[in-house]
Amino acid sequence: MESFILLFTNDKLLIFNFIIILLFIKSLSYIIPLIIAIAYLTLIERKIIGSIQKRKGPNIVGIFGLLQPIADGLKLLLKETSLPNSANIFIFIIAPILTFFLALCAWAIMPFNEINFYSNLNIGILYLLAISSLGVYGIIISGWASNSKYAFLGGLRSAAQIISYEVSIGLIIINVLLCSGTLNLKEIVLAQQNIWYIFPLFPLFLMFFISSLAETNRSPFDLPEAEAELVAGYNVEYSAMGFALFFLGEYTNIILISAVSTILFLAGWLPPFDIFLFNWIPNSIWFGFKTIIILVLFIWVRAAFPRYRYDQLIQLGWKIFLPLSLAWLMLTSGILLSYDGFPN
Amino acid sequence: MDHPPKPPPGVYVQDGPPPSGYPPIDVRRNLPRSVGPSAVALFAGTALMMAYGYYRVCTFNVHRRELRAEWRDVRLCIIPFLQAEDDARYVLTAKRYRDWESKVMEHVPGWNVDESVYHTKKYGPPLR
């Protein structure tokens with residue numbers, strides 16, 4: 001206890017303490033807006049799906065339903081956290097924490113601007129792929145720890161779906177890396193100053209979008225967590241905070257993958273045209289605007305398309321997207337080699 | 001549609017088709033082509049857009065390579081000047097240390113200022 005107090009009162013460690021406090025405030029400045037964004041994403045989703053279905057979304061709690069996410073969050077907080085008697089309690093509790101923790105970790109390398117980022121990692125893309133691969137553990141652990149048939153099956157299906165589409169996502173990203181020559185997210189954006197990568201790699205952008213729908217268990221690839229199909233899948237035994245954490249983790253992943261699509265294909269924070277009117281808008285606003293476009297696409301697809309059957313889902317991942325992305329990799333490297341277009 | 005006249009009471013009339021029959025029903029398949037460009041037009045348009053995109057990517061990558069080479073050349077050109085400055089600073093500092101050492105050790109008999117502190121004749125880089 002005395003040594004802990006000395007840590008903060010010792011003059012020689014003053015700079016160290018100052019840095020720790022600064023890092024803490026910086027982390028909070030990223031996490032708190034992100035959680036507010038997730039909360040209001042749920043409201044936007046319900047409003048947009050309502051509009052598509054010719055009805056209003058939530059509009060009772062607060063004006064235009066603006067307090068609905070707060071009501072939802074409060075409801076989940078105040079509910080009883082039920083722990084099944086036969087469940088493995090330790091890993092039952094760890095699973096949602098792990099999912100949300102990993103989803104938040106991935107935001108550490110996201111550049112909102114040329115100067116505004118938490119950490120400028122030179123192997124940013126590798127870090128993102130590693131985090132998304134680790135995210136599968138949360139799902140498998142929750143499915144196993146629930147000690148329920150439906151949860152277990154849902155967990156297995158979800159995990160198999162995620163790893164299937166991760167392969168094609170990785171190959172699509174390699175195409176972008178060939179064109180940009182770097183794994184650093186900031187440099188990938190700067191490499192798109194001349195042309196956004198959505199133009200040469202448009203079919204890949206479509207494949208990346210569809211694979212990211214499957215990666216985040218979104219419609220039409222949400223069979224593992226559909227209520228009618230599998231009684232809500234791997235999170236069937238979770239209530240209150242556990243469910244809230246899974247929910248938060250899923251929506252964090254959705255926003256994350258939208259932001260990654262923006263960085264890889266839509267030139268991140270760069271304005272569409274480098275002229276006077278477009279330059280007046282701050283770069284971070286452009287980044288947010290493009291991410292929101294992708295998020296609206298996610299929601300639109302959820303409202304518009306019926307669900308894929310599980311075998312169709314897996315077949316799409318392995319027999320269509322994987323060969324296509326592999327073939328596109330050869331096309332891209334062939335074109336860059338023939339016309340001396342490699343960046344290094 | 002003209003309704004048939006009401007039959008007199010007690011007479012049974014069966015509901016049936018009109019005497020001249022119904023008009024023919026068109027049961028042919030109706031799948032109109034979707035609105036917008038044709039598949040060929042979409043494919044050609046995408047291919048053209050991709051070709052233009054790859055052209056811009058290749059030209060910009062050439063420009064980036066040249067820019068990176070230019071920065072590398074600038075750093076290589078400036079290195080001798082930086083090294084010369086560093087060498088001059090070292091010589092000045094070494095002289096100052098030697099002068100200070102001779103001043104401090106002037107009363108010590110048998111002390112050589114420029115003598116090596118090591119007992120080997122093998123070359124070792126100077127301590128900075």
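Indices start at 1 and increase along the chain as displayed.
Placement of Cβ uses the backbone N, Cα and C atoms for every residue, glycine included.
Straight from Swiss-Prot, the features:
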- A:18-38: transmembrane segment (TRANSMEM)
- A:58-78: transmembrane segment (TRANSMEM)
- A:89-109: transmembrane segment (TRANSMEM)
- A:123-143: transmembrane segment (TRANSMEM)
- A:159-179: transmembrane segment (TRANSMEM)
- A:195-215: transmembrane segment (TRANSMEM)
- A:228-248: transmembrane segment (TRANSMEM)
- A:253-273: transmembrane segment (TRANSMEM)
- A:281-301: transmembrane segment (TRANSMEM)
- A:316-336: transmembrane segment (TRANSMEM)
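Distant neighbours of the transmembrane segment (A:281-301): 41, 44-45, 48-49, 52, 112-114, 116, 209, 213, 218-220, 254-255, 258-259, 261-262, 266, 268-271; these residues of the same chain sit at least 6 beyond its ends, with a Cβ under 8 Å from one of its Cβ atoms.
Taking residue pairs at least 6 apart in sequence, the transmembrane segment (A:316-336) and the transmembrane segment (A:159-179) share three or more C-beta contacts under 8 angstroms. Long-range contacts of the transmembrane segment (A:89-109) within the same chain: residues 30-31, 34, 83, 117-121, 124, 127-128, 131-132, 134-135, 137-139, 141-142, 144-146, 185, 235, 237-238, 241-243, 245-246, 248-250, 252-253, 256, each at least 6 residues beyond the stretch ends and with a Cβ under 8 Å from a Cβ of the stretch.
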